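Feature annotation from TrEMBL assigns region 'Disordered' to 1-26. Per TrEMBL, the feature active site, nucleophile maps to T198. The substrate binding site feature in TrEMBL is assigned to R226, V227, G228, D229, T249, G250, H251, G252.
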Amino acid sequence: MTDIPCSSHSGHSDHRSYSSSKSSQFPPEIVQPVIVVHGGGAGSISKERSERVRHGVTKAALLGYHILKDGGSAVDAVEGAVVALEDDPEFNAGHGSVLNEDGQIEMDASIMDGKSLNSGAVSSIKSIANPIKVARLVMEKTNHSFLTDRGATCFAKSMGIPIIPCEKLVTERNVKRLKKEKAEKSACMTEADKNTGTVGAVALDKHGNLAYATSTGGIINKMVGRVGDSPCVGSGGYADNDIGAVSTTGHGESIIKVNLARLAIFHLQQGKKPQEAADAALCYMKTRVKGLGGIIVVDKSGEWAARWTSVSMPWASAKDDKLQFGIVPGMVHITDIGKNKSPNPCI
């Protein structure tokens, strides 16, 4: 894993990343499925928690990859991967969502089909275990692209999505984090406390279709009703079969200012490789608005990259029956998940 400077004038790197090697040796007419997931750009992660985070992102990537290998669509794969992350309390989405200033959970999510450019999003949604499922229903079952708050919840209920008590989504860890933030509001908090990121996935299926999905609980102690980048198509993610798919994480207000996902797509469209496109977009956000974050991207040929300017970004990818994952610069693990191989990345 090498660092790439933010510009030709930079003497050091602010990018942490991993990216795929050259395109597959298979003929171009054979599309090899690919999935990449992220668990959010964040500060330092303890050794104890890193094991749980690693398990979570690899589990999500494997789940999505098996969907793709079985002939499932890119939309199916990214939804499945993000559901797995929403169900894991280690991540700031679904069951692990952070709390707003009133001690409540308000979640955002979006999904996009690169074939049709159809998208669906929800924001400030409560009492739903998997907001990404509702976002997909908005995309496929309505004439709209975005539902919020009470309307999103009512729609979810009408679609048969279980409505659960809000307290079932609240974890003791996030209650403690909110108390700490309120107590230290006038003091300097660590980046790990402030930046908990999002979760997301991008995928390319056997038919050459691309998709992205992004989901989050937002930021700790946010104002009631605050909406970040995750449900905003073009900021939290973007997918276009003719170009590529992107999911982002980081400081939502900064990401919105630069339309980070669409900016990365633009650089892909101009001929840059996924790693170069991600770097260019992240560099612009950092230099223009001092925002930190991360990007996962896969292009229409199946090349992919995971890049970040935050301290860490848990990520995992699966392609050609190889599972790769990492959390911090210099840490890349590769596991064979082919036939007769153990799918357990921890073995």
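Placed from the backbone N, Cα and C atoms, the Cβ positions cover glycine too.
Automatic prediction, not curation, is the source of TrEMBL annotations.
Structure with TrEMBL features highlighted.
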| residue | record | contacts (Cβ under 8 Å, 6+ apart) |
| --- | --- | --- |
| T198 | active site, nucleophile | H38, G40, N92, A93, T214, S215, T216, S230, G236, T248, T249 |
| R226 | substrate binding site | N100, E106, G218, I219 |
| V227 | substrate binding site | D108, S123, S124, T148, G218 |
| G228 | substrate binding site | D108, T216, G218, I219, G236, G252, E253, I255, I256 |
| D229 | substrate binding site | S235, G236, T248, G252, E253, I255, I256, L260 |
CB contacts for T249 (substrate binding site) [other CB atoms within 10 A, all chains]: 35
